[in-house]
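Novice: Annotation source Swiss-Prot lists signal peptide at 1-26, citing sequence analysis. The disulfide bond annotation in Swiss-Prot covers 30-75, 39-60, 44-69, 48-71.
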């Protein structure tokens with residue numbers, strides 16, 4: 001009887017882990033670039049939230065003399 005219970009418990013653990021993995025893999029992130037001449041992280045986060053209805057966030061990065069804001073948000077917005 002204990003062997004059947006062990007096999008059932010292992011099967012249930014694998015099933016639950018498989019269902020959780022399916023839910024976390026479905027969330028894809030999209031990106032958007034806001035080009036600016038100057039950028040700070042607080043302003044960047046605010047701009048991204050305004051543009052994408054409160055979803056996602058942003059961070060600044062610099063390419064040569066141009067600082068830009070890179071927004072990341074769920075693709076289903």
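In case you wondered, yes, glycine gets a Cβ from its N, Cα and C as well.
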Novice: Can you tell me which of the disulfide-bonded residues 30, 39, 48, 60, 75 is spatially closest to residue 69 (disulfide bond)? Compare CA atoms only.
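Specialist: Result: the closest of the disulfide-bonded residues to residue 69 (disulfide bond) is 60.
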Novice: Looking at the disulfide-bonded residues 44, 60, 75, which one has the fewest other Cβ atoms within 10 Å of its own Cβ?
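Specialist: Sparsest of the disulfide-bonded residues 44, 60, 75 by Cβ contacts within 10 Å: 75.
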Novice: Same chain only, sequence gap of 6 or more: which residues have a CB within under 8 Å of the CB of residue 39 (disulfide bond)?
Specialist: 60, 62, 67, 68, 69
Novice: Which one of these disulfide-bonded residues, 30, 48, 69, has the sparsest Cβ neighbourhood, judged by other Cβ atoms within 10 angstroms?
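Specialist: Per-residue Cβ counts within 10 Å for the disulfide-bonded residues 30, 48, 69 bottom out at 30.
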Novice: In DSSP terms, helix, strand or coil for residue 60 (disulfide bond)?
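Specialist: Looking at the DSSP assignment, residue 60 (disulfide bond) belongs to a strand.
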Novice: Report the nearest neighbour of residue 30 (disulfide bond) in space among the disulfide-bonded residues 44, 48, 71, comparing Cα positions.
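Specialist: That would be 71, nearest by Cα distance.
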Novice: With Cβ-Cβ distance below 8 Å and at least 6 positions apart along the chain, what are the contacts of residue 71 (disulfide bond)? List them in sequence order.
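Specialist: For residue 71 (disulfide bond), the qualifying residues are 31, 32, 33, 34, 44, 47, 48, 51, 52, 56, 57, 58.
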